[in-house]
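Database features (TrEMBL):
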DOMAIN    2-118  domain 'PLAT'
BINDING   Gly17, Asp79, Asp80  Ca(2+) 1 binding site
BINDING   Asp39  Ca(2+) 2 binding site
SITE      Trp103  site 'Essential for stabilizing binding to COTL1'
DOMAIN    117-674  domain 'Lipoxygenase'
BINDING   His368, His373, His551  Fe cation binding site
Amino acid sequence: MPNYTVTVATGTQWFAGTDDYIYITLVGSEGCSERTLLDKPLYNDFERGAVDSYDISVGEDLGEIQLVKIEKKKYWVHDDWYCKYITVKTPYGDYIEFPCFRWLVDDKEVILRDGRARLPQHEKTGVAKQHRRKELEQRQKIYRWKEWHPGFPMSIDAKAHSELPRDIQFDSEKGVDFVLNYSKAIENLYVNQFMHMFQSSWGDFADFERIFMRIKNTISEYVMEHWKEDFMFGYQFLNGCNPVVISKCTEIPDKFPVTQKIIEDSLERGLTLEEELKEGNLFIADYELLDGVTPNATDPCTLQYLAAPICLLYKNSQNKIMPIAIQLSQKPGEDNPIFIPTDDEYDWLLAKIWVRSSDFHVHQTVTHLLRTHLISEVFGIALFRQLPAVHPVFKLLLPHIRFTIAINTKAREQLICECGLFDKANGTGGGGHVELVQKSMKTFTYRSLCFPEAIKARGMDSQEDLPYYFYRDDGCSVWKAVTSFVTDVVDIYYDKDETVQQDEEVQAFVKDVCSFGMQDCDYCEFPKSLQTKEQLVEYLTIVIFTASAQHAAVNFGQFDWCSWIPNSPPTMRKPPPTKKGEVDLKYVVESLPDRGRSCWHLGAVWALSQFQENELFLGMYPDEHFIEKPVKEAMVKFRKNLAEVVKVIKSRNEGKKLPYYYFSPDRIPNSVAV
């Protein structure tokens with residue numbers, strides 16, 4: 001009788017093992033094995049991390065093994081099981097790998113294909129075609145689109161993390177409990193004695209150091225010491241938390257009536273304003289998105305305010321970016337003065353603080369939430385709905401949407417929901433953050449996710465003009481490495497452009513993103529189809545880069561740049577000044593967040609800046625979804641290219657007081673998971 005040896009690997013994560021009954025059926029081209037219980041006498045099968053082997057005898061040769069069916073049945077109570085992979089050794093000594101990497105819950109069955117990636121048009125058997133179709137039909141019932149707010153990208157249809165499919169949940173929900181993590185952060189930072197002191201103002205700037213005791217971080221300490229200085233203010237537009245707002249100024253907008261006379265004291269080269277514009281030495285940061293957004297009114301005891309400032313910046317003779325003019329609202333007029341560096345000390349300082357606070361809101365809600373978290377969730381949902389596990393694009397992208405839908409669902413459950421944690425300390429809480437996303441969606445385009453194009457569109461692409469724009473330089477290096485890797489993988493499975501056009505599943509994936517995920521917005525310009533290999537490479541690069549590198553660049557620096565409260569106030573408690581010469585230190589301090597909001601903010605930026613336990617960084621693919629040697633070789637090459645980027649960044653940062661490392665691949669998690 002022919003004998004097959006089946007090897008089953010159980011996951012290593014918490015609660016991966018099971019005491020339930022596990023059955024297996026081998027489906028071959030010539031027949032099927034009987035449904036067989038995998039059980040060894042006097043042995044505890046399927047323990048966490050175990051690799052167990054079983055012999056299965058059949059009446060006659062099954063031919064080529066096409067499918068493996070696994071079933072889990074309740075023993076005492078339902079006990080979820082995480083299966084990593086199954087290997088089948090045939091009577092002829094051949095080994096066939098069946099990657100699984102999924103949970104079996106309740107009385108569930110999973111049908112696996114062998115690990116070779118295949119495009120739909122290359123399937124030869126009816127069994128294989130039917131398996132693809134049934135897998136997608138099943139997934140589309142589970143992964144459903146839902147509109148969380150009008151005008152938002154679509155999200156998963158689940159009200160809570162516990163409602164999500166088990167395969168996309170966190171291994172431990174406790175690890176992503178925002179309330180628990182923020183409270184823990186506040187306790188670890190020794191600021192819990194202040195966390196309930198709402199409405200209680202700090203005495204002066206030095207008083208903020210009372211919640212800065214535990215901070216021994218090079219950058220945040222440096223920020224604390226230099227935050228008032230114009231060079232530090234300007235530097236953050238290039239290499240801080242939100243280095244995506246600044247753009248080259250080619251003409252002064254009518255709404256910002258800056259003249260030669262107003263700023264002549266700040267121009268160093270002896271040129272006129274017009275000449276400086278032509279030379280490319282002027283830059284602008286415009287927070288128009290905040291105009292008209294409703295400030296947080298959830299606390300009747302504390303009025304909170306927002307502004308929509310415009311800031312003009314100047315590249316001086318030392319190539320430093322310096323602020324030279326600030327207007328705090330969009331409409332010019334007598335009650336909207338233009339502040340300049342030669343104004344009274346506290347007038348100028350408060351104007352800069354308002355810009356920093358506005359930058360914080362745009363960063364959190366647009367740069368971070370919308371343009372990394374929410375868009376990555378769209379890609380993730382469409383991936384599960386339209387691409388079966390055997391598709392090479394599914395295998396390629398799956399590690400880059402790991403836990404993304406889960407973290408976003410948890411955020412909607414605890415953080416950005418009505419009366420959520422976001423309302424506690426943020427000036428856009430209570431609904432302003434929703435308005436901000438809705439406004440941002442009207443200018444959100446597919447091309448803006450293409451990193452080199454986004455840099456060029458802002459006129460920030462010249463290394464000669466801006467030699468210290470490390471966000472641009474490092475981002476382009478990582479983009480190049482990801483593009484090279486994606487190209488290598490695409491070349492393995494797609495021999496020509498027609499192969500892309502004929503791939504119905506990848507076309508359905510792209511269409512689902514545009515038509516459902518982005519709600520078919522005309523202005524977003526997301527493609528509904530892909531015609532060439534080049535277009536496919538760019539699309540997949542955007543998905544991977546956005547979820548990994550871009551998220552890392554705008555997320556993990558939050559504690560560095562935002563922990564010193566005056567440098568990034570999450571809310572303001574006094575309205576923007578409408579006249580010069582009326583502001584003193586007391587007014588500035590009373591404008592800043594109170595003790596309670598400061599502590600919640602500090603806990604938030606600390607928690608958001610932490611890597612996950614057992615984090616997987618860019619290039620790390622421990623789950624072997626691909627079994628083909630050429631793909632594994634492409635992964636080795638990818639890791640080598642990333643290591644070169646790490647080396648260059650590390651060398652440049654040596655001896656710097658303000659190192660820039662947010663795009664260093666050894667600090668870039670594979671996916672949006674925090």
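Using the three backbone atoms N, Cα and C, a Cβ is placed for every residue, glycine included.
Where the annotation comes from TrEMBL, it is an automatic prediction and has not been curated.
Overlay of TrEMBL annotations on the structure.
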residue	record	Cβ neighbours (10 Å)
Gly17	Ca(2+) 1 binding site	21
Asp39	Ca(2+) 2 binding site	13
Asp79	Ca(2+) 1 binding site	17
Asp80	Ca(2+) 1 binding site	16
Trp103	site 'Essential for stabilizing binding to COTL1'	22
His368	Fe cation binding site	21
His373	Fe cation binding site	22
His551	Fe cation binding site	24
(request) Give me the mean pLDDT over the domain 'PLAT' (2-118), rounded to a whole number. (result) 94
(request) Determine which residues of the same chain, besides His368, His373, His551, have their CB within 8 A of the center of the CB atoms at the recorded Fe cation site, and list them by sequence. (result) Thr367, Leu369, Arg371, Thr372, Ser376, Gln550, Val554, Asn555, Val672
(request) Would you list the other residues of this chain near Ca(2+) 1 - those whose C-beta lies within 8 angstroms of the C-beta centroid of Gly17, Asp79, Asp80 - in sequence order? (result) Phe15, Ala16, Thr18, Asp19, Asp20, Phe46, Trp81, Tyr82
(request) Rounded to the nearest Å, what's the C-alpha distance separating Trp103 (site 'Essential for stabilizing binding to COTL1') and Asp80 (Ca(2+) 1 binding site)? Just drop the number here, would you? (result) 7
(request) Sort the binding-site residues Gly17, Asp80, His551 by C-alpha distance from Asp39 (Ca(2+) 2 binding site) and give me just the closest. (result) Gly17
(request) For His368 (Fe cation binding site) and Asp79 (Ca(2+) 1 binding site), determine the Cα separation and express it in whole Å. (result) 37
(message) What does the structure give for the C-alpha distance between Asp80 (Ca(2+) 1 binding site) and His373 (Fe cation binding site)? Integer Å is fine.
(response) 28
(message) Measuring Cα to Cα, how many Å separate His373 (Fe cation binding site) from Gly17 (Ca(2+) 1 binding site)?
(response) 31
(request) May I ask for the distance between Asp79 (Ca(2+) 1 binding site) and His551 (Fe cation binding site), taken between their Cα atoms and rounded to an integer number of Å? (result) 35
(message) I'd like the per-state residue tally for the domain 'PLAT' (2-118) from DSSP, helix first, then strand, then coil.
(response) 0 helix, 59 strand, 58 coil
